[in-house]
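Engineer: Pulled these from Swiss-Prot:
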type	residues	note
ACT_SITE	Glu121	active site, proton donor/acceptor
BINDING	Arg93, Ser94, Ser95, Thr96, Gly97, Arg98, Asp111, Thr119, Leu120, Glu121, Gln138, Tyr151	dCTP binding site
SITE	Gly108, Phe109	site 'Important for bifunctional activity'
Amino acid sequence: MILSGKEILKHIGEDIIIEPFSEERINPNSYNLTLFNELLVYKNDTLDMKIPNETEKLIIPEEGLLLEPGKLYLGRTNEFTQTNKYVPMLEGRSSTGRLGLFIHVTAGFGDIGFAGYWTLEIFCVQPIRIYPNTEICQIYYHNIDGEYDLYNSGKYQNNNGIQPSLMYKDFEK
């Protein structure tokens, strides 16, 4: 079952952490998260799962940054989130989707216990100008049934910035 906006609000600061938090961004069953002012792009057209792929940092100026179709941009939320009780999920807002802007390719599912900034896998179907601090996506929370363990992977936990793929670490086991 998905938590209502009123339930999210009740649990802020205890079972749900969103920092910074603004009550105006609560929706009926989600909370709007905003876009940080930096992006990463991969330097090479061909990527390799078994190695760290080099990235380049782009700054999103106040006047906006034009994104190109067919290119993956990695961004992040301004907000740090954490919950040890609910399953966090991330989705694009319908307003961004109607502009042909995807904010995640496959990683919209979070784990109980994840603490950090959400890395956004941004992709557009046509050129689009984006702006920093835009309400770009929404987080919502599911209850979980049964016993569970908290997320304990060191790969992305407590990140401080945009996280490129760390899949190469899976091959080091």
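The backbone N, Cα and C atoms fix where each Cβ goes, glycine too.
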Engineer: Widest Cα span across the dCTP binders Arg93, Ser94, Ser95, Thr96, Gly97, Arg98, Asp111, Thr119, Leu120, Glu121, Gln138, Tyr151, in Å?
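Structural biologist: Those residues reach a largest Cα separation of 33 Å.
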Engineer: Minimum Cβ neighbour count within 10 Å among the recorded positions Gly97, Gly108: which residue?
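Structural biologist: So among Gly97, Gly108, the recorded positions given, the one with the fewest Cβ atoms within 10 Å is Gly97.
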Engineer: When you measure from the Cβ of Gln138 (dCTP binding site), which residues in the chain that are at least 6 apart have a Cβ under 8 Å away?
Structural biologist: Asn27, Ser30, Tyr31, Asn32, Leu33, Leu90, Glu91, Gly92, Arg93
Engineer: Given a separation of at least six residues and a C-beta threshold under 8 Å, show me what packs close to Phe109 (site 'Important for bifunctional activity') in the same chain.
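Structural biologist: Counting only residues 6 or more apart in sequence, the Cβ neighbours of Phe109 (site 'Important for bifunctional activity') under 8 Å are Val87, Met89, Leu90.
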Engineer: Within 10 Å of the Cβ of the residue listed as 'active site, proton donor/acceptor', how many other Cβ atoms can you find? Include all protein chains, please.
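Structural biologist: I get 16 for this one.
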Engineer: Once near-sequence residues are set aside, which residues in the chain of Asp111 (dCTP binding site), 6 or more away, have Cβ atoms under 8 Å from its Cβ?
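Structural biologist: Expected: Val87, Pro88, Leu150, Tyr151.
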